[in-house]
């Protein structure tokens, strides 16, 4: 099974592909029940893989580095390890990684690698039922403002050093920073199709297990979790999110061409 550890130690020269240990919420809090009805849990077979976002009844958005050959999708979940009557299970009929994402990086990530275009659309095999606990979220129409307070959510590890998924969906509030902050912090390229968000004092972050999940700034979906540093939550090292305003045309075109 292929999965990429995208959260890299700052001094690391490169990293090989490894079993799924994705990005997580660190220093956050239990999300209010059903407060994130667009949140998706993406599984590879029966193993939790990544987060995702419901865009409409037929489409889920996640990170391209979450690519696998089979998926199980859960909608409307609050608890990762418990059955919930309101949750919905779906399969994926086809996946659409962004064509400009460098898929060779699923094997290894050398120093200076460019992880731009880290997004993927998943076409559900059966439309989601829209309910009080399963709702899509709109794509952004304007650029996010620097300094905005953003909310990230996911079931990634709540332990900084040991991979430990929580049962309850976690939320964390973080700030949006100029990309120059992340350029100084990371050994990989930071480009204009990325967002830089986190707490400069450390302690609050996404990390292993949150990849593909939403970043909502001032109430608007602006990003999905992409990559960052290990250990997560270090001072002066915000994480990287795919900047969705740069990709709305591709997302809409892909959805329209694959009804």
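Cβ coordinates are placed from backbone N, Cα and C, and glycine is handled just like the others.
Residues annotated as active site, charge relay system in Swiss-Prot: 65 (among others). In the three-state DSSP scheme, residue 65 (active site, charge relay system) is classed as helix.
Look at residue 118 (active site, charge relay system): DSSP puts it in coil. When other Cβ atoms within 10 Å of the Cβ of residue 118 (active site, charge relay system) are tallied across all protein chains shown, the result is 29. Summarising the annotation, Swiss-Prot assigns active site, charge relay system to 118 (among others).
Cβ contacts within 10 Å of residue 211 (active site, charge relay system), excluding its own Cβ and spanning all protein chains shown: 34. Residues or ranges marked as active site, charge relay system by Swiss-Prot: 211 (among others).
In the three-state DSSP scheme, residue 171 (disulfide bond) is classed as strand. For 31-171 (among others), the entry in Swiss-Prot reads disulfide bond.
Sequence annotations record features per position, and here Swiss-Prot assigns disulfide bond to 50-66 (among others).
Taken from Swiss-Prot, the feature disulfide bond applies to 150-217 (among others), supported by sequence analysis. Reduced to three states, the DSSP call for residue 217 (disulfide bond) is strand.
Sequence-distant neighbours of residue 182 (disulfide bond) (same chain, 6+ residues apart, CB-CB distance under 8 A): 190, 194, 196, 238, 240. Under the heading disulfide bond, Swiss-Prot lists 182-196 (among others).
According to its DSSP assignment, residue 232 (disulfide bond) is coil. Per Swiss-Prot, disulfide bond is recorded for 207-232 (among others), and the stated evidence type is sequence analysis.
For 25-256, the entry in Swiss-Prot reads domain 'Peptidase S1'.
Taking Cβ-Cβ distances under 8 Å and a sequence gap of 6 or more within the same chain, the neighbours of residue 102 (N-linked glycosylation site) are 113, 114, 115, 117. In the three-state DSSP assignment, the secondary structure recorded for residue 102 (N-linked glycosylation site) is coil. If you look up Swiss-Prot, you'll see 102 marked as N-linked glycosylation site, on the strength of a curator's inference.
Residues or ranges marked as signal peptide by Swiss-Prot: 1-17.
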**Fill in**
For residue 65 (active site, charge relay system), the closest of the recorded positions by C-alpha position, picking from 207, 211, 232, is 211
**Message:** Using the alpha carbons only, what distance in Å do you get between residue 50 (disulfide bond) and residue 217 (disulfide bond) once rounded?
**Reply:** 20
**Message:** On a C-alpha basis, identify the one among 66, 150, 171, 217, 232 that is nearest to residue 211 (active site, charge relay system); the candidates are the disulfide-bonded residues.
**Reply:** 66
**Complete:** argmin Cα dist to residue 31 (disulfide bond) over the recorded positions 66, 118, 232 returns 232
